[in-house]
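*Asks:* Dumping the structure here so I can ask a few things about it.
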Amino acid sequence: MLKRFFLLLSSLLLVCNVQAGLFNNKPQYLTAAEAFIFSSSQQDGQLQLHWQIADGYYLYQKEIQLSAQNATLGDVTFPTAEKYQDEFFGEVAIFRDQLKLPVKLTDLKENPSLKIRYQGCTKGFCYPPETVVIPLNPSLQGNNSANSAALPSTIATPNAPQTELAENLSNNYLSIFGFLLLGIGLAFTPCVLPMLPLLSAIVIGHKNRPNTSRALLLSFTYVQGMALTYTLLGLTVAAIGLPFQVALQSPAVLISLAVLFTLLAASMFGLFEIRLPNTWQQKLNALSQQQQGGAVGNVFIMGIIAGLVASPCTSAPLSGALLYVAQSGNLLIGGLALYLLALGMGLPLILITVFGNQILPKSGEWLFKVKTAFGFVMLALPIFLISRILPSHYEPFLWSTLALAFLGWLISSLNYSTMLKQAVRILLFIAFGLTAYPWANLVWQTTSNTAQPTTPHLAMEKITSLTELEQKLTAYQGKKVMLDLYADWCVACKEFEKYTFTDPQVQQQLATMAVLQIDMTKNSAENTALMKHFNVLGLPTILFFDENGHEMTNVRITGFLTANQFLAWLNRL
């Protein structure tokens, strides 16, 4: 059974790696988004569409089609096009290098938008049509406030992953089932992995272990609580915006959850037992014929808490579903996409828990050791939560302390009678020494006159408002600009700061542009104005602006990227 469990787990990881490899394969031709870089700006009462066309590629004039929703589209005048003998369509009018297209719109009503369809080719290869939907700024009706319309407000672009997912949902509802597969891939990310010890402790870590069918029911119930909460929170964020997400990540909420998980871990150590009131307990026992640890209601509630913990993590699939809800207002399809995404995130948890329930022994002293081990693992959740609000330099000490406590318990609790077990003990002592590195390094730094050189953090100009951003974009005319939207409670934002922005090659690449950062932690009025202007649905979000101060919407980043991934992204600018 153990062999089958590891075979299944290896297969899941292999599928994820194969998927990643497939997406990383570089095609012979540029992607459509790379060949035809689209951007738009709304200013001076007019909408400007712009395509930067790669060398050797071209756009068909006849395939550029515009349609307005809740607005009236004026006559569109194209610049002079080049006549070209196309091997597919005969003589056609095309555009090379770049195309700037002014568009006049009037009679803008509630939630106006413009849909743009275009198609291009290169020698020997033709692309399918691309579609972009742009939310329109009411200032296009004649409000000449330069400040209110000087910046683009669109995020829907052909090659932004979240936008492609949103468009796929709009064009084909069957693509919704792809979110289930995307969720499985997200299950192995830092936002979801902390859910495993909580579920495993509930199903495996109590006295009378359930049978396989009962373990499946409990784990499925847990995932349902997590998925439904994740879905409802996602729809709420799409409807209300970032303020709701900020509220969930406030210090009071995070500290409360951390205290709860610490108490649960203490109960796993046998310090006390968590029991419901007797009347509730009797009813739950009658329904489930299990002790309190296995009650379905309890497990569902813990799943809800897990959904709260996982909710702030922004990824391209999550952003795509939220973007679809925000643009279409279709709560049913958007909610189902969010549910399938969360369900996919929970499937590996179900499999690991059910197989672990079968593999681990169900009685004897080993059971108490397993329960204590899960208590240590559960203590990782408070650290995961508290690290969002503590300065980053405290986090290594928290993890080191937990690892030292766990290894110390493991060394003292195992029986070392054979030569093999003695070797294991030596390895554990070595691991104990390695995990003490943050504390040893702290002592060394306080007693040594020479500190080890560290990689400097990326220098960023701090801004606080949309008005200040406009001023900076004007000041940096002729230079590309990057804007990082950061919050203390955003885990992936801290990962960018720690792992990506400290990379020397990343810093060298960013040295050619102006790098700005705005702190969204407090969700001030200035934060809200900027967020609404750019239609930001979650963090982390990184925006890029060209030399003229227009956002390059096709390269907007949502979700964490490693240094290598970020460098590849920058090469597309």
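Every residue gets a Cβ built from N, Cα and C, even glycine.
Straight from Swiss-Prot, here's the annotation block:
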DISULFID  Cys121-Cys126  disulfide bond
DISULFID  Cys191-Cys313  disulfide bond
DISULFID  Cys490-Cys493  disulfide bond
DOMAIN    440-573  domain 'Thioredoxin'
SIGNAL    1-20  signal peptide
TOPO_DOM  21-175  topological domain 'Periplasmic'
TOPO_DOM  197-227  topological domain 'Cytoplasmic'
TOPO_DOM  273-292  topological domain 'Cytoplasmic'
TOPO_DOM  314-331  topological domain 'Periplasmic'
TOPO_DOM  353-365  topological domain 'Cytoplasmic'
TOPO_DOM  387-393  topological domain 'Periplasmic'
TOPO_DOM  415-425  topological domain 'Cytoplasmic'
TOPO_DOM  447-573  topological domain 'Periplasmic'
TRANSMEM  176-196  transmembrane segment
TRANSMEM  228-248  transmembrane segment
TRANSMEM  252-272  transmembrane segment
TRANSMEM  293-313  transmembrane segment
TRANSMEM  332-352  transmembrane segment
TRANSMEM  366-386  transmembrane segment
TRANSMEM  394-414  transmembrane segment
TRANSMEM  426-446  transmembrane segment
*Asks:* Write down the Cα-Cα distance for Cys121 (disulfide bond) and Cys493 (disulfide bond), rounded and given in Å.
*Replies:* 38
*Asks:* Over all shown protein chains, what is the count of other CB atoms within 10 A of the CB belonging to Cys493 (disulfide bond)?
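*Replies:* So the number of other Cβ atoms within 10 Å of Cys493 (disulfide bond) is 25.
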*Asks:* Under the DSSP assignment, what numbers of helix, strand and coil residues are found in the topological domain 'Periplasmic' (447-573)?
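*Replies:* Final tally across the stretch: 49 helix, 23 strand, 55 coil.
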*Asks:* Counting other Cβ atoms within 10 Å of each Cβ, which of the disulfide-bonded residues Cys121, Cys490 scores lowest?
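*Replies:* Minimum Cβ neighbour count within 10 Å, taken over the disulfide-bonded residues Cys121, Cys490, occurs at Cys121.
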*Asks:* Please report the Cα separation of Cys121 (disulfide bond) and Cys490 (disulfide bond) in Å, rounded to an integer.
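*Replies:* Computed Cα spacing between Cys121 (disulfide bond) and Cys490 (disulfide bond) is 41 Å.
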*Asks:* Averaged over the whole of the topological domain 'Cytoplasmic' (197-227), what is the pLDDT?
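*Replies:* On average, pLDDT over the topological domain 'Cytoplasmic' (197-227) sits at 71.
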